[in-house]
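So the structure is just underneath, and the comments pick up after that.
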Amino acid sequence: MAKQHFLVITIGAQGHINPARRLAARLIEAGGARVTLTVPILAYRRMFPSAAAELEPREEKDDGLLTYMPYSDGVEDGLDPAANPAEFKRRIAESLRCIAAGFVARGRPITCIVYALLLSMAAAVARDLGVPSVLFWIQSATSFAVNYHYFAGGYDKLFSEAAADPSFLVELPGLPAFRRKDLPTLLTGPRPEGTFYSFLHTLYGEVFETLRREVSAGEEKPRVILNTFRALEEDVVAGFEASIDMVTVGPLVPPSLIMTSPEETATNDLYEHDTSNYMEWLDGKEEGSVVYVSFGSYATLKEEEREEVKKGLSASGRPYIWAMAKGGSGDDGGGLGVKVEWCEQARVLSHRSVGCFVTHCGWNSVAEAMACGVPMVMLPQWTDQVTNAKLAEEEWGVGVRAEAVAGEELRRCLDVVMGGGEADDGGIVMRRRAKAWSEKAREAAGDGGSSARNLAAFVVGGN
């Protein structure tokens, strides 16, 4: 049997590239498949600064495990995707066809296209090529279910009612009840024509329209790879299995978090890692005493919100490390905390001194926190972050959601999570739950775990 060759395509955001790269690496490890990860040209140039300004049509880079290739989405030529979504999609589809043709010419034909969130045009390319395609859902299974019911399940009117009434409960099959504050913001917020929000809403809709057509065709169940693990969202996953092959492969976190002797691969991130001695700083702190603060690579705080976060951290009296993508490095808060521009989050979260994670609640961050057993204080901002916050607080019991970006509220939440250690301290229960979920996450992703088995089976049946 010929070796599988998966083409994994993702958009050029760090929060999308990270899980795509980890999935690609796991596919190789699970069954010896050949995997090519393709990213937009601008992201490729940032990941590989030595890449020529004028890329060759079949440019490839190898990091020792994966092969990387750039694709064109037009942004490198100044295209505004929100202003011209049709051209954005056309450029991507054309580029993917060229990539596939190049591999045929080199005797390494693509046998399956795995497309990440927002890139359903890849499914159309796969149909034209006569190869299967698989959606890679980089968010939670619950987020998948909410979006599916909105775009393809006929429940969109409930979301409109929630948008008009914050107290209205949206009840969807197999899911907890949601209020507006818990629902992905793209489904309830304003989306003026021609804006980025409208553009994203359209791309999400096309993903689920593609799935709806595949389900309706009834020839073979469409497959969706999910960055979650079975034990975490058992009922949600089971609720779709009659019509969709739900392949749980998570948590897709750095190998160091789930394996005793991992083989690390090159990071090739879009951002340069801070070279300050923050790990040495962590070494000097007591176990579980440090607050780690990061709002991801996309989420941003207004200046007044940053000041409120700083007030809350200072008022808590606990040492903290704050990763700020554009905030500078150095001492912050009179010696109580340090700021870094960009750090290796997995190393920080897994450090013995870190006892709490103040986070925007992006799914990658939630997955890494759960893998490390670190409870969270959550300040979600948009998209699925608000849904993740609800799940972490109410379903899994591993975090507290701040009601506002305010210093006193942040201090209160930190006290709840890190608490004083009394027998009735709710933080004790939360920390125990976080550790218990950490063990389940590692079990799922480790050798012989449910996610590892699913990956191996997927590689065998990839075409």
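Quick reminder: no glycine exception, Cβ is built from N, Cα and C everywhere.
Per Swiss-Prot, these features apply:
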ACT_SITE  His16  active site, proton acceptor
BINDING   His16  anthocyanidin binding site
BINDING   Gln345, His360, Trp363, Asn364, Ser365, Glu368, Asp384, Gln385  UDP-alpha-D-glucose binding site
Near Asp384 (UDP-alpha-D-glucose binding site), which residues of its own chain have a C-beta under 8 A away, given they sit six or more steps off in sequence?
Gln139, Ser140, Ser143, Pro184, Gly362, Trp363
List every residue in the same chain as the residue listed as 'active site, proton acceptor', at least 6 positions away in sequence, whose Cβ is under 8 Å from its Cβ.
Thr10, Ala116, Leu117, Ile138
Number of other Cβ atoms within 10 Å of the Cβ of Gln385 (UDP-alpha-D-glucose binding site) across all protein chains:
25
Write out the long-range same-chain contacts of Glu368 (UDP-alpha-D-glucose binding site), meaning residues 6 or more apart in sequence whose Cβ is under 8 Å from its Cβ.
Pro251, Val253, Pro254, Leu257, Gln345, Ala346, Leu349
Diameter of the UDP-alpha-D-glucose binding set by C-alpha atoms, the set being Gln345, His360, Trp363, Asn364, Ser365, Glu368, Asp384, Gln385, in angstrom:
20
For a quick check of packing: other C-beta atoms within 10 Å of the C-beta of Gln345 (UDP-alpha-D-glucose binding site), how many?
22
Including all protein chains displayed, how many Cβ atoms other than that of Asn364 (UDP-alpha-D-glucose binding site) lie within 10 Å of its Cβ?
22
